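Structure record follows, encoded as structure tokens.
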Amino acid sequence: MLPEEFRQLLAAKGIELTDQQMTQFDQYFHLLVEWNEKMNLTAITEEKEVYLKHFYDSVSLAFFEDFASDKAICDVGAGAGFPSIPLKIVFPSLNVTIVDSLNKRITFLTELVNQLGLANVSLYHDRAETFGQKAEFRGAFDYVTARAVARLNVLSELCLPLVKKEGYFLALKASKSEEEINEAKPAIATLGGQFQKEVGFTLPITADERHIVVIQKKKETPKKYPRKPGLPNKQPIK
């Protein structure tokens, strides 16, 4: 997917990008490739692959959820900034918070945010387990996203404490897994969430599968969650 194809395919979905936004995506691509030579940010570095599997993939969340107003979104374990930074470029009024446990990624993201001139983006070097216990962040976000390989029961413990009541946790997955969702339902309920739906679609050109698991926060998460670093992964809620 070349940049102009990216623009046209988003326009077909009702998302019109300005020349300035296209320039920001171009800067993003070049910074990603440049910094990737110093640190391992992504295995995907070809321009057409980055535009498809990082940029388009991230913005595809907006095909199913409304990011057009000044909502607050927290991206847990954002890595090189996906999906939150592409969403921020497309929807400048979003308030974005990113938490990542690797300081080198935060260093890259700080440079990226500055170079792209993005306002209202906060970056935190922290473990999700400790970040989620901080009063100013608990129940503070309209949307919390995770584009990670961890299982849904683990991700739910890291993400749901941050979601405000009636807000949403959006888990981006590469494949459909009813078994994984069913396994996670007790944890989701314990954490105050409710499974809403799973949306499946395919990326253009490659037809790679993508799935978004949508979980709504219905009540406050008990104070004991998230547990200490490492525990959610070692002993998932059953």
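The backbone N, Cα and C atoms fix where each Cβ goes, glycine too.
As recorded in Swiss-Prot, the features of this protein are as follows:
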BINDING   Gly77, Phe82, Ala128, Glu129, Arg147  S-adenosyl-L-methionine binding site
REGION    217-238  region 'Disordered'
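Positions of the features from Swiss-Prot, shown on the structure.
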residue	record	Cβ contacts under 8 Å, 6 or more apart
Gly77	S-adenosyl-L-methionine binding site	Val99, Asp100, Ser101, Ala128, Ala146, Arg147, Ala148, Leu158
Phe82	S-adenosyl-L-methionine binding site	His54, Asp57, Ser58, Asp75, Arg147
Glu129	S-adenosyl-L-methionine binding site	Leu158, Pro226, Arg227, Lys228, Pro229, Gly230, Leu231, Pro232
> Which value in Å gives the longest Cα to Cα span across the S-adenosyl-L-methionine site residues Gly77, Phe82, Ala128, Glu129, Arg147 as recorded?
Replying inline: 20
>> With every protein chain in view, what's the tally of Cβ atoms within 10 Å of the Cβ of Ala128 (S-adenosyl-L-methionine binding site), excluding that atom itself?
In response: 28
> For Ala128 (S-adenosyl-L-methionine binding site), which DSSP three-state class applies?
Replying inline: helix
